[in-house]
Amino acid sequence: MINLHLINDVVYVFNLNDYEKLRKQHRIVGKIAGSSLTAASMPVILLPEEVYLLVTRKLANVVTLPEITEEPLEEAEKKFKNYTEELYKEEQVVFKEIRRKELEGMIDKIVEGKCNKDKDDVAIIHSKKEILEQELEKSGNISEQHMLWPIVTKHYNELTGKLKETPLTEILKHTTNEKCKVFDDLWNKGYYITSGNKFGGEFLAYLGDPVAFHAVFIVHCVSENECIFHPCELVALGRLSTSVKKRTVFAFVKSNNEISYYTLSWFDS
């Protein structure tokens, strides 16, 4: 079973293999939240509704690592420092090899330039190999600030023996019953679902993986107690969905948990 990590009220997936399984087998998309500047990277943040679906279907557990939010011990700090130093040494070797190949491709021009510069002093003229080593010495190192840190696929320090399971009630504090029911129902219908915040809704529904498909519906979850809309709201939602080539859908959750869907169609005059 997949472990989902709860940290400061946010649920993360740290292991790449787990995320691949969630996305390919269970249509759980999440949001990539890695800090890499060059490419999207782990970890992935999951919506509370995604977590609800996974836990209720016994596909995953929510766990906490107490050590994550506690002051690190001296031993842990030393271990992390050794880990980063080892990465830096490996990066130096790789960078130097890359730089050597770059210099070898332009060594003739470098030698020609040095010969023209030092043509009056015969003693200064060196062989290609000597010049290559001189240039490599000057530009073959990389600082920690500029090194390319690897994109890791799991936490470097596994703490599997200290995991503490978290009840689902902790997750439900950050969502509503209506949202969970609608998410579950849309998922059952075969859609991929992501957050709809950027378009003013609860969810965006896709016919396929968002990598290859655009969203087709902006879904708004509505309970029986709040099913009255002002005409201006309907006009605004209709214009918004049309402008982004999607359709607004209202998901009404009844007291018996039955869900009805109504589509708002907008026609230009």
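For all residues, glycine too, the Cβ spot is worked out from N, Cα and C.
Features reported for this protein in TrEMBL:
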type: ACT_SITE; residues: Y206; note: active site
type: ACT_SITE; residues: H214; note: active site
type: ACT_SITE; residues: K246; note: active site
type: DOMAIN; residues: 2-64; note: domain 'TSEN34 N-terminal'
type: DOMAIN; residues: 178-261; note: domain 'tRNA intron endonuclease catalytic'
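The Cβ of Y206 (active site) has 20 other Cβ atoms within 10 Å, all protein chains considered. For the domain 'TSEN34 N-terminal' (2-64), the number of residues in each DSSP class (helix H, G, I; strand E, B; coil) is 20 helix, 21 strand, 22 coil. Fewest Cβ neighbours within 10 Å among the active-site residues H214, K246: that distinction goes to H214. Separating the Cα atoms of H214 (active site) and Y206 (active site) is a whole-number distance of 6 Å. Counting residues per DSSP class in helix, strand and coil order gives 30 helix, 27 strand, 27 coil for the domain 'tRNA intron endonuclease catalytic' (178-261).
When averaged over the domain 'tRNA intron endonuclease catalytic' (178-261), pLDDT in the model lands at 92.
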